[in-house]
Amino acid sequence: MSISSDEAKEKQLVEKAELRLAIADSPQKFETNLQTFLPPLLLKLASPHASVRTAVFSALKNLISRINTLPQVQLPVRALIVQAKEPNLAAQQDSTNVRLYSLLLASKGIDRLSLQDRQQLLPLVVSNISCLTGTVAARMFHILLKLILEWVAPQESSHEQEEFVQFLQLDNDGFSFLMRQFTRFFLLVPSKQVQVSQQPLSRGYTCPGLSLTDVAFFTYDAGVTFNKEQLNKFKKAIFQFVCRGMAATQTIEQSPRMIELMEFLCVVSTDSTNLSDDAAQFMKRFPMPYENEEFITFLQTLYIGNTANGRPPVKAILQEKILSILNRSHFATTKAECISLICSIGLHSSEYKLRSLTLSFIRHVAKLNYKNLNPASSSPSSTDFSTCIVSLIRNNLHAEGWPKLQLGPQTPAFNTAILQRQLQYETLGDILKRDFELVSDLSYIEFLFESLKNDLPQFRSSIQESLLSLVGHLSILPQQSKLKLKNLLRKNLSIDEQQREDNNDAVNSIMALKFVSIKFTNAAFPFHDPEARLFNIWGTVRTNRFDIIEESFKGLQPFWFRVNNASINTSATVKTSDLLGSHLSETEFPPFREFLQVLIDQLDSEAASITRKSLNNAVRFSKQCLISNAIYGKKTMVIQDEDWSVRIDKALELDDTVVSRVNEMVQGMNDDIFIRYLTLLSNEFTATNSKGEQIAIFPYQDPIFGSVLLTLLNFVSNNVLRRLEILVPDLYHLVIMKFQSLSDNDLAVCATIIGIISTAIADSTHVKRITKIAQSQTMAETYVASYVVPRLYLKDQTNHIESDSILNLLNILTTHLSHPGTNKDMILKLVCQVTKFGLLLQVSAQERKDFLKKVMDTIQDKLINDVTAIQTWSYLSLYSTDLENSSLFQEKLLETNVSKQNDFLFSVGESLSVVAGKWSSKYLIKQIDIPNFNVEIMQQKFPATNVTTILDEIFSGCDSTKPSLRKASCIWLLSYIQYLGHLPEVSSKCNDIHLRFMRFLADRDEFIQDSAARGLSLVYEIGGSDLKESMVKGLLKSFTESTAGSASTSATGISGSVSEETELFEPGVLNTGDGSISTYKDILNLASEVGDPALVYKFMSLAKSSALWSSRKGIAFGLGAIMSKSSLEELLLKDQQTAKKLIPKLYRYRFDPFQAVSRSMTDIWNTLIPESSLTISLYFNDILDELLCGMANKEWRVREASTSALLQLIQSQPQEKFSEKMLKIWTMAFRTMDDIKDSVREVGTKFTTVLAKILARSIDVEKGVNPTKSKEILDNILPFLWGPHGLNSDAEEVRNFALTTLIDLVKHSPGAIKPFTPKLIYDFITLFSSIEPQVINYLALNAANYNIDANVIDTQRKNGVTNSPLFQTIEKLINNSDDCMMEEIINVVIKASRKSVGLPSKVASSLVIIILVKRYSIEMKPYSGKLLKVCLTMFEDRNESVNIAFAISMGYLFKVSALDKCIKYSEKLITKYFEPTSTENNKKVVGTAIDSILNYAKSEFDNVASVFMPLIFIACNDEDKDLETLYNKIWTEASSSGAGTVKLYLPEILNVLCVNIKSNDFSIRKTCAKSVIQLCGGINDSIPYPQIVKLFDISREALSGRSWDGKEHIVAALVSLTEKFSQTVADNNDLQESINHVMYTEVSRKSMKYVKKILPLYARYINVNPQEETITFLIEKAKEMIRLLGSESDDSEGSIKQTSDESTIKRIKPNTEITQKSSKENIENEEYVINLLKVSVDICNNSKSRYPMNLLEFIIDEIAYLFHNDRIIHTWRTQLAASEIGISIVGRFSTISSADFIQNVGRLWDQTFPINCNKETIENVKLQMIKFGGLIIQKIPSLQNNIEENLRLLNSIDSTSRIELELKNIGL
């Protein structure tokens, strides 16, 4: 078959290309040809002709083989990648093979590229990578992975990093594609299949989180596979590339790129490699986008997988991470389908942590978006999902063991199991709480109750909370469920925990069960449900826990029942008044009969135990039911408020309406249940019957049974009383048998009950036996008879009683009364019984008179403080007409005024009402306890006689000046109108009574004041309409007129009885903190234009703190107030002027600092103002003006009250109402903060805090406030806050608060505050110094005086600035500012740094500069010069900490400075260091600045390194150790290699040295000299000759001129140079001569101190090049110096000797040599000489020509001198040195023949041995001498005998093991 010309042509081209590649005979040619022919060759793979393609494949096979054998050959990678992306083909050609093979070869070529070349390819590879598809995209991605595998990340936050991001040029699509694939790559796990090289790649596996397609992309499509190690390498590279490369500059929150980065980091943070920790840390840099839809959806998709594309869920550890994020996201709760799958996966997981997080997620969803847990909102596939969740949780609990957790092998760790089970219970509660349907059938409630009862104690609180969360559902349960719930609660509450006392956990579980049951009872059933209330009563059993009892009583008290139910009503909006119970409504009680029926039924049931134990409370509640049923819907004193219990207890005593209503109700009761109930009460009261058998079922004693029985018997019908006849024997038996043991109260109750029943059965045998009274009967029998007979008389039932019996009774009583051994109080109470009911009328007048006389004689002297005697006396007065002196009764009672007991005085008041009104007294009428008795019968028998007389006597007492009489009269007057007020004789004198009470209001005694206030209330009630009107007007007048002190005797004048000078309080009684209020004038001054609150509000309102309530008797008067029944509000509505004056003042006084005043005022306000909020709104402006005025009042109470009131006012009203007066309000608020009174300041602080919050809300543009309005508010307020009333105020509290307010505004309203940023930054910076505590400033200034380092204090001050909230605020201001503000901000920072005075403000300025550089690096560049100049200027500040702060700022500024600026200020720093006036501090600051530049602007430092490095090198040798350390640190960090760096910058170093080594500052000269020495160690001979010469020239020139302290360092430098460059010196005669001359000159100087220092250096110099002249000169100078040493001390000692007497000399002489020997000076001199001699020995040893024998002789002579002179006293140092010098001299030669040398050595030995050969010489010296001797023996035989003999002598004198060993070593 013929081939076409195109095909042939193409094939020819392929063959040519293949030939050209094949004939390349070297790798270089092969590489060149590849660059040219390989890409075109690959294009032919797209040929339509198969033969051409086959030819290409064949060529490629050969090519690849050859390429593999030539690893050095580079492939045209860039061209291949470009071709793979856009092959140069016709549109119809298939480019697949071209692309794939281009990428295959490109991938091979990448392995051969350098790191730099690889990096250059990155932009090409990533550009448009998102547009590639399929295999091409996979291979390109793999190429990218290979490129970044060894990529070196730039430094964090550096310019290089920013440049790299721009270099990549990655568009948004590319970024998204790469981030998506990088994220997926971290989910990849290696295939478990072992890959063999010939085997094709597998594409058949998935990973958690990756589908088949996803895995294939990384493996099959890319043509690669990974093992674990390779995978980890690539992951590490990807992480570096993403976090420090392509995504490094992402800072915009919620941007798409940021979201993709966070998705990536989430996945990486759970990776199995150690990258997880790095990712977790990196994530912390950014806010988690919890509410970003894309991010949350991505996580949810990862968690649940995708069935559509076959992607499974991710691993459990990543699921846990995802759930921990979803648990904080609101958006995550919005997708029902996702929630369904998430919960299902989590709850079915075997991983404990995942299950726990799932439970938390369910709770999270339930809390925020419960409907999405609801089946209705889920997809059809997840029907009944909510039910599934709770069922699943319940099943899990069952599986773990239920009702008690069972621990088994499958159970996780105990703590883990406990926590998870707790969470399951809590989750269950959360779901049930929000789903009524689940609760309505009670199955879950039963389940939880059973769990609570039986599960482990650790779960108790969780189960209990879950149950309690359901109470909101209970009230709406269907009726059937409620019945079921009742049975459940009955079962729970009737459990007897005492049967399980041995098991404490079980008891606690039962208690928890009961507590929840009581809560359920109160929530589920209405108050009128008798069974529910019985459950409450069961809860009050005394063996229950306190909280159960408390909760049970709340269910029995209607007020708390309402409050409780209001608070649990979650389904509806509840009024605050309902929550507080302040809106009083009437709650219906269970019907009395129904409750009795339920109670009796329970007592008859098998489970009666619990009812019996709580019987006392059941009876108490039954009484409350009875009263409440009777008065339901009626106005009485029984208001259902928090004091309802007290009210209902006292109601039958004090409220006639209650009595009549109860009477009506009880009269109609006579059924069997009622009789059974009364019998029960009697049985419980008597406990045993007449046969002695136990009939009580309540296990304890309680007086309630007798009390309730007696109460009921007061109202029952005669028919009922007759049915109760059977009770009499048991009651009578109780009195007779237990007379001595029963309490007085029980005896009275029992006898009264018998008396009442007897009235209905007068003809019964029981009554006849009781009334048959004989003289000889017992006291018990008399006791009962005294109660029965008078009541029979009242009912006119005495016809069955023998006349003698009554007389016998009276005689028995008088007999007992006169008998000394009887209980007089009891007998008197019996006398009361027989007298008060008129029984004495049954006997003759004479017998009556005799009886009265006997009793009166017995008690009239005992009337003071004996209440029973007083009562008896009043009852005797009923028969006063039978006596001659009837006035005696009132006289004796009036005499009791001396008593100080309030209750007793009230008793006297009651008695006076009886004496005056007889049976017209309400007090006596209330004593009748017989049902249906007509009191008028008794009133006719005992008419009122002397009401007016006694009232006049009381008036007289009221007008008395005697305090005790006044108090008694006040109380008696109160009693009088209470009990006799209904009589015309009393009501006609209302004006007089009113006047007396008004006067009592001003009394000092609070009890009198309260009594008077209550008296006024009673007068108001009984007075006529005229009196009421005048009283109300007088009261209003007292409120609103300041002339309240004007004297008036009118009854209408509120202050008529009080003058301005009337003393109300003893000094000190009413202490205000600023002195005591003592006169009425003081009181009037407390308020502006308002009468005195202490007299009006406090006493006109009977608050519960009233003194009356503290008295047992007085409490009867503590009802209501004068305002309570008035219609003042109508009057206020009619009289607007009065209202405008009264309401603002009334409002203010509600907040009076005195609690009594404020409480009373609140009572009056609540009474006058029914609609409080409406009234406040109506009179808002008047109230506001009053309060602002009051805040400036001179009285602290007014100021404090006004401030508290205004605080309340502005919180309750919209801001628009007071916005116009905001500045005035702020001014007054700040004024109160600076008040002289601490309590006013405290309230002022609270007020300003609230103002600040209101201000923040009103300007918050982020919350929708109009920006224009916000700016308008701030334009007014901000100048105020930073003006003289705010930040610049004299008061510290005000300053601090203004500052706090501004900080809060910046924090919470950044948008609104933005335009004011520059001004605020300036103010805040300058404020730092003002707010610093003065004590710190003082301490810093006077640190030296307290021995404290000022720098330490300054460091703390600096730290205080950095950590200050104020500085954080500045930072926030800068972060929120715009580029356009930059110039203004920089100008204010410069201004602040120049104008600030204190350290904190200056430091703050420097820190602000740093923040600006960090935040606005690009925008800062134009201003860097100005700021650098400021920094340099601040180096001149006197405070080192300030200098350092600006030095650090300079480092940051270099980062944004142009090169010319950097060079300019670098040179200025160098100049500053070398200034002649430069101090250590200046040098330290320069060093800190350089260090800062190095750390924060590395690239800029490198640009000016040639300026800095010479200085750093030189400064490393500074004299100051701290500076030396600082600069050495900088040098180490800045130089890559020490010696190399020195060589690099040597010319610059030499230039700096040349300029500064001759500085006028000698310390700089020293530093330079030491630097030359250091240079010698850091360089070698290889440096250029001119530089060596320059070094010598620098040193020589520096030595010119006089000697100075430290000049020796330059000599040392010159010597070091000579040693280092000895050959150069030797080759240059001129140089050598010049050095010789300089050295000779320096050694010849006259300053011996200087010459002493340089002489050893001169010896070192000679050692380099010994010459005869220089050696001779050295010997001469050295000998001269050694002779001078010690001369000064000798002279001084000589002078001492001359002036001391002989005795002193003799005393100190033995110690003189020892003292001198060990002196520091002697040791220094000795060591100096030894050092000089040793250097001289080195000269001898280094002499290359003739041996300098003269120098040797000098050395030996000087050793001898050291041993024998008296100026330098030798020590072991010289002894040791002599031997060491000998060893050095002799040891140099192998053989010695010179006679002179041998002679000198012998002389040295002879000098050394005698000194060292004694017992005192230390061992080391002797050992060294033996070594010296051994060397002589070895090298000088002629001296051997002498030496050996000496050494043997040494051994004999002092032989030690070490000496013997050393001798043995040398052959001895």
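Glycine residues also receive a Cβ, built from the backbone N, Cα and C atoms like all the rest.
As recorded in Swiss-Prot:
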MOD_RES   SER2  N-acetylserine
REPEAT    256-292  repeat 'HEAT 3'
REPEAT    313-351  repeat 'HEAT 4'
REPEAT    384-422  repeat 'HEAT 5'
REPEAT    590-627  repeat 'HEAT 7'
REPEAT    707-745  repeat 'HEAT 8'
REPEAT    945-982  repeat 'HEAT 12'
REPEAT    1030-1067  repeat 'HEAT 14'
REPEAT    1137-1174  repeat 'HEAT 15'
REPEAT    1178-1215  repeat 'HEAT 16'
REPEAT    1361-1398  repeat 'HEAT 18'
REPEAT    1503-1540  repeat 'HEAT 20'
MOD_RES   SER1692  phosphoserine
REPEAT    1830-1867  repeat 'HEAT 24'
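Per-residue pLDDT, averaged over the repeat 'HEAT 14' (1030-1067), rounds to 43. As a summary of secondary structure, the repeat 'HEAT 24' (1830-1867) carries 32 helix, 0 strand, 6 coil according to DSSP. Residues of the same chain lying 6 or more positions beyond the ends of the repeat 'HEAT 24' (1830-1867) and with a Cβ under 8 Å from any Cβ of it are 1782-1783, 1786-1787, 1789-1792, 1798, 1801-1802, 1805, 1809, 1813-1815, 1817, 1819, 1822-1823. Per DSSP, the repeat 'HEAT 4' (313-351) is made up of 26 helix, 0 strand, 13 coil. Within the same chain, residues 493-494, 496, 527-531, 533-534, 537-543, 556, 638, 648, 651-652, 658, 662, 665-666, 669, 671, 673-674, 676-677, 680-681, 684, 697-700, 702, 704-705, 708, 711-712 sit at least 6 positions outside the repeat 'HEAT 7' (590-627) and bring their C-beta atoms closer than 8 Å to a C-beta of that stretch. In terms of DSSP helix, strand and coil, the repeat 'HEAT 12' (945-982) has 30 helix, 0 strand, 8 coil. Helix, strand and coil counts under DSSP for the repeat 'HEAT 3' (256-292) come to 22 helix, 0 strand, 15 coil. Sorting each residue of the repeat 'HEAT 8' (707-745) by its DSSP state yields 26 helix, 0 strand, 13 coil.
Residues of the repeat 'HEAT 18' (1361-1398) grouped by DSSP class, helix first, strand second and coil last, total 31 helix, 0 strand, 7 coil.
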